[in-house]
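Asks: The following block contains the structure, expressed as structure tokens.
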Amino acid sequence: MTVENTALTLKKRFRGYFPVVVDVETAGFNAQTDALLEICAVTLSMDENGDLHPASTIHFHVEPFDGANLEKEALEFNGIRDPFSPLRGAVTEQEALKEIYKLIRREQKAADCSRAIMVAHNAAFDLSFVNAANERCKLKRVPFHPFATFDTATLSGLAYGQTVLAKACKTAGMEFDNREAHSALYDTEKTAELFCGIVNKWKALGGWPLIEDENEK
């Protein structure tokens, strides 16, 4: 593989990190006390031209953990009227995270990346809930970096002058259905599309690959 082609790989593009897009729906803003109710993850892949695309999607409704706080306003906002309804088909936090991490590890290994990194819109929020769930479930092997993220709110503010997901997507020329918003599945898919669009646009403008140092050649 030539130096130029080597640069057009997921491993090279993100310094060995494997980007995974995540969105959570919750019963409040406090990751320590409020329930995690829904989670979705979308992995990414890079084609032979160095363009980034969504790859696999995994999604779960999640049962509130024992003693979890449920804020009425949060439930009204995300449309989850009864978190305990059997019709949700919810699983435990541990079941959801283990299945998500199994997929991430498999695709991370295939991409020859050393660690996963979370991509999310206002990523600190999503990462805080995932980290809190990891602690509650006493999960030792967590693929995500504990604090580093790619935040599409920041990136879209730079690229499109918009930080709200719906407005950023529309400014980027994407379709966005406000009736579907605040579903972890829909929001993750749109965040993945937005992130890929920003990365690919930067490449098209000549921002990547970087000019290789002579020593690296």
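Cβ atoms here come from the backbone N, Cα and C positions, even for glycine.
Pulled from Swiss-Prot, these are the listed features:
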| type | residues | note |
| --- | --- | --- |
| DOMAIN | 20-195 | domain 'Exonuclease' |
| BINDING | Asp23 | Mg(2+) 1 binding site |
| BINDING | Asp23, Glu25, His182, Asp187 | Mg(2+) 2 binding site |
| SITE | Phe29 | site 'Important for substrate binding and specificity' |
| SITE | Phe77 | site 'Important for substrate binding and specificity' |
| SITE | Phe125 | site 'Important for substrate binding and specificity' |
| SITE | Phe147 | site 'Important for substrate binding and specificity' |
| ACT_SITE | His182 | active site, proton donor/acceptor |
Asks: From the Cα of Phe125 (site 'Important for substrate binding and specificity') across to the Cα of Glu25 (Mg(2+) 2 binding site), what is the distance in angstrom?
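Replies: On Cα coordinates alone, these residues lie 10 Å apart.
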Asks: So of all those recorded positions, Asp23, Phe29, Phe77, His182, Asp187, which one's Cα sits nearest to Phe147 (site 'Important for substrate binding and specificity')?
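Replies: Answer for the nearest of the recorded positions: Asp23.
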Asks: Quick one: Cα separation, Phe77 (site 'Important for substrate binding and specificity') versus His182 (Mg(2+) 2 binding site), in Å?
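Replies: Distance (Cα to Cα, whole Å): 8 Å.
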Asks: About how far apart, in whole Å, are the alpha carbons (Cα) of His182 (Mg(2+) 2 binding site) and Asp23 (Mg(2+) 1 binding site)?
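Replies: Counting only the Cα atoms, the answer is 9 Å.
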Asks: May I ask you to report the DSSP-based helix, strand or coil state of Phe77 (site 'Important for substrate binding and specificity')?
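Replies: Once the DSSP labels are grouped into three classes, Phe77 (site 'Important for substrate binding and specificity') ends up as helix.
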Asks: Which ones, of the recorded positions Asp23, Phe29, Phe125, have a Cα no more than 10 Å from the Cα of Asp187 (Mg(2+) 2 binding site)?
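Replies: The recorded positions close to Asp187 (Mg(2+) 2 binding site) (Cα within 10 Å), listed in sequence order, are Asp23.
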Asks: Hey, for the Mg(2+) 2 site built from Asp23, Glu25, His182, Asp187, who else sits with CB inside 8 A of the CB center?
Replies: Val24, Glu38, Cys40, Asn78, Ala181, Ser183, Ala184, Leu185, Tyr186, Thr188
Asks: How far is it from Phe29 (site 'Important for substrate binding and specificity') to Asp23 (Mg(2+) 1 binding site), counting Cα to Cα, in Å?
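Replies: Per the Cα atoms, Phe29 (site 'Important for substrate binding and specificity') and Asp23 (Mg(2+) 1 binding site) stand 14 Å apart.
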Asks: Just counting, how many other CB atoms are there within 10 A of the CB of Phe77 (site 'Important for substrate binding and specificity')?
Replies: 13
Asks: Just going by other Cβ atoms within 10 Å, which of the recorded sites Phe29, Phe125, Phe147 has the emptiest spot?
Replies: Phe147
Asks: What average pLDDT is reported by the model for the domain 'Exonuclease' (20-195)?
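Replies: PLDDT averaged over the stretch: 98.
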